[in-house]
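Since the structure comes first, as structure tokens, the remarks are kept for the end.
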């Protein structure tokens, strides 16, 4: 059973990314303030991933082999198809430079990544794949919830310290050495994990929090608005604490999405479920399609018909990738690594 609030948040995240990258590829700010803050869609994806993967690990207690098998079949096929396109047609897709193939294959491309390089939007996938590797191992090592809370607090402190040191060297939140760095962004997945821990280890407290769904929604929206308005100040506070605070504000929206008392959970936004399903494929496919279609079409890229055509190409390409690649591998995943409704794997004879 799908949760409407989660679909809405995931759809909002991919729409933000589409608007932001349209401005990057086409030049200009055709979506106004929404386009300028669209980079935050990735931060929202981080929080959602932290919750979804954290809850999967903590509630289902599946073997590591099953977890990694399911994650790899979920993430790698789409990624490798788009990666192949980038390496087969480098001139058409542009970029000032291309990292070695092994960096893409090992999800270490974000280390030393520079703005303007080829397939830069894969940086967030690198951080998520690194997270998928670390989290289940950490759960095995930190068997008691209190150790998990302590480990997350230390991880956040390390990320804040890393960004504070970066600011002391003249770097800001959007400096490539900070923006793409795993050590500077890893903590944004942890508020989602914290919600998963509340749900699985502190259920009475979790249920009490969810009773205030609309309050959580309002608080999250206000805090998001304030933080996004201040991010471009590039001050010490925003450099050191901004990404962490933004992730916490998105965590409030996530709690609202999980609360049956919240408008976010009760209202079914038309098209949100489909966009949520296609979001991973759309994220991978949209940017090269934006470039190809935007340069080839005879329409003005800053007029409504041109914008609509390019956006349609990005979403349509993602839908095609979802249908032709992601869905077949998801069926394969269900056959090879089945999971029962109550956790664990299905034994077959």
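Along the chain as shown, residues are numbered 1 onward.
Each residue, glycine too, has its Cβ placed from N, Cα and C.
Automatic, uncurated: that is what TrEMBL annotation is.
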Select from 59-76, 149-166 the stretch of residues annotated by TrEMBL as transmembrane segment. 149-166
Contact set of the transmembrane segment (37-58) with the rest of its chain, CB cutoff 8 A exclusive, min separation 6+ beyond the ends, reads 6, 9-10, 12-21, 23, 31, 67, 71, 124, 127-128, 131-132, 135-136, 139, 185, 188-197, 199-201, 224, 228, 231, 243, 246-247, 250-251, 253-254, 279, 283
Taking only the residues in the domain 'Acyltransferase 3' (3-322), give me the average pLDDT of this model. 95
Could you give the residue numbers and ranges of same-chain residues that sit at least 6 residues beyond the transmembrane segment (149-166) on either side and whose C-beta is under 8 angstroms from one of its C-beta atoms? 138, 142, 173, 175, 177-178, 181, 183-187, 190, 193-194, 197, 236, 239-241, 243-244
Candidate ranges 79-102, 213-232, 306-325 - greatest C-beta contact count to the transmembrane segment (12-31) (under 8 angstroms): 306-325
Count, for each of 79-102, 238-257, 306-325, the Cβ pairs lying under 8 Å from the transmembrane segment (213-232), and report the range with the highest count. 238-257
